[in-house]
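Here is what Swiss-Prot says about this protein:
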- ASN33, ASN34: mRNA binding site (BINDING)
- LYS37, ALA62, ASP84, ASP117, GLN139, TYR144: S-adenosyl-L-methionine binding site (BINDING)
- 24-333: domain 'mRNA cap 0 methyltransferase' (DOMAIN)
- 336-380: region 'Disordered' (REGION)
- LYS65: site 'mRNA cap binding' (SITE)
- LYS71: site 'mRNA cap binding' (SITE)
- ARG96: site 'mRNA cap binding' (SITE)
- HIS143: site 'mRNA cap binding' (SITE)
- GLU230: site 'mRNA cap binding' (SITE)
- TYR325: site 'mRNA cap binding' (SITE)
Amino acid sequence: MSSSEVASHYNKVLQVGIEGRKESRIFFMRNMNNWVKSQLINDAKQRVNDNGVNNPRVLDLACGKGGDLKKWDIAGAKDVVMADVADVSIQQAEERYKQMFGYKKNNIFTVQFIVADCTKENLEDRIENKDPFDLVSCQFALHYSFVDEASARIFLKNAVGMLKPGGVFIGTLPDADRIVWSMRNGENGQFANEVCKITYENVEELAEGKVPLFGAKFHFSLDEQVNCPEFLAYFPLVKHLLEELDMELLFVHNFAEAINKWLEPGRRLLESMTGLETYPNEKLSGKSDDEYLEAKAKLDAFPEDERIKTMGTLSKSEWEAICMYLVFGFRKKKSEAEKTEEEPATTKPVAESESEQKEVTESEEKEDQEDCEHQEAQTN
């Protein structure tokens, strides 16, 4: 699948109103995905602060419709470059920024919007300000470049080529190992539940264990959204290619691990973003009681005198779909001379205030849900 076909797919995705999104079968899953992304950006923000930078220069690669613009504002960004292959998505991102600018006047970061195929073009040639980036983010999009080795290498070079030593590269992408395991254990090379269906194009290739490192095409349909072919990106391979570009791994977690890691510090924001469904209630999103067996068991396990009436949860199908993704963080290596010259940095507290939480929550409701990147368009 060519980059022009990917662009055409995302350009055709229709925007859905807030009320319409609330009726979606994956409403809570989308909110949870956005919460995970918020926590990931918050983690990166702290690491950048620890590197002595309080107002980072940011590259938002495969930015889609600009769903993270408010997040960059809250992160204190001074300058952001937003690049995407889909021209309609970039137009919508520009409109979002104009709305933010009108509200905040001059108290906002500057932005350059670029329509570019980052699997073929040298993005640096298109960027006006040649200063290096402190932070690069690529959400639910990196794996599209793994159509072939050349495309993947160019995309990753664009991602980290202008990243300063000590700078951070974060992202989310489908967990190739988990997806392959799920398809192999399904019927006819596919996995399906109430909210998603994943199929591998070459069933014989899958059955024989001959899935290639590049060009391994699969289809991920989510909540009856338009299906755009994608490519598996094995994380050990992603890590290897980035290490060739002087990057070092900071962390990698599947979404289940990430949620457990960030749950306590981010609980209030998760509640504000409606990332969990209240169980039991009269209008559960799942179609059967089987979707909530674990939640029911946990409630029933409480002693009679301590029993609570409700709890927050996700349906079984939403949880299975969420577990198909992972988050990662890399850092650009510093030279020995740079390490020697370093002095302790004065860091800025990273915890979000209540007002910041309210702002990002309102942003997620009004805008980011249109932009859960791969999840949203099929989620930015």
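Yeah, the Cβs are placed from backbone N, Cα and C, and that goes for glycine too.
What you see is a predicted model, and the numbers here were worked out from it, not measured in a lab.
Of all the recorded positions in the record (ASN33, ASN34, LYS65, ARG96, HIS143), the one with the smallest CA separation from ASP84 (S-adenosyl-L-methionine binding site) is LYS65. Mean pLDDT for the domain 'mRNA cap 0 methyltransferase' (24-333) in this predicted model: 95.
Candidate recorded positions: ASP84, ASP117, GLU230. Fewest other C-beta atoms within 10 angstroms, ASP117. The S-adenosyl-L-methionine-binding residues named in the record, LYS37, ALA62, ASP84, ASP117, GLN139, TYR144, extend over a maximum Cα to Cα distance of 24 Å. Cα spacing between ASP117 (S-adenosyl-L-methionine binding site) and GLU230 (site 'mRNA cap binding'): 16 Å, rounded to the nearest whole number. Put simply, LYS71 is the one of the recorded positions ALA62, LYS71, GLU230 whose Cα lies nearest to the Cα of ASN33 (mRNA binding site). For LYS65 (site 'mRNA cap binding'), the nearest of the binding-site residues ASN34, LYS37, GLN139 in terms of C-alpha separation is GLN139. Classification of ASP84 (S-adenosyl-L-methionine binding site) by DSSP places it within a strand.
With the fewest other C-beta atoms within 10 Å around its C-beta, ARG96 stands out among the recorded positions LYS37, LYS65, LYS71, ARG96, HIS143. It is 20 Å from the Cα atom of TYR144 (S-adenosyl-L-methionine binding site) to that of ASN34 (mRNA binding site). Here the candidates are the recorded positions ALA62, ARG96, GLN139, HIS143, GLU230, and by Cα distance the one nearest ASN34 (mRNA binding site) turns out to be GLN139. Spatially, by CA atoms, the recorded positions LYS37, ALA62, LYS71, ARG96, HIS143 include one closest to GLU230 (site 'mRNA cap binding'), and that is HIS143. Reduced to three states, the DSSP call for GLU230 (site 'mRNA cap binding') is strand. Other Cβ atoms within 10 Å of the Cβ of TYR144 (S-adenosyl-L-methionine binding site) number 24 in total over all chains.
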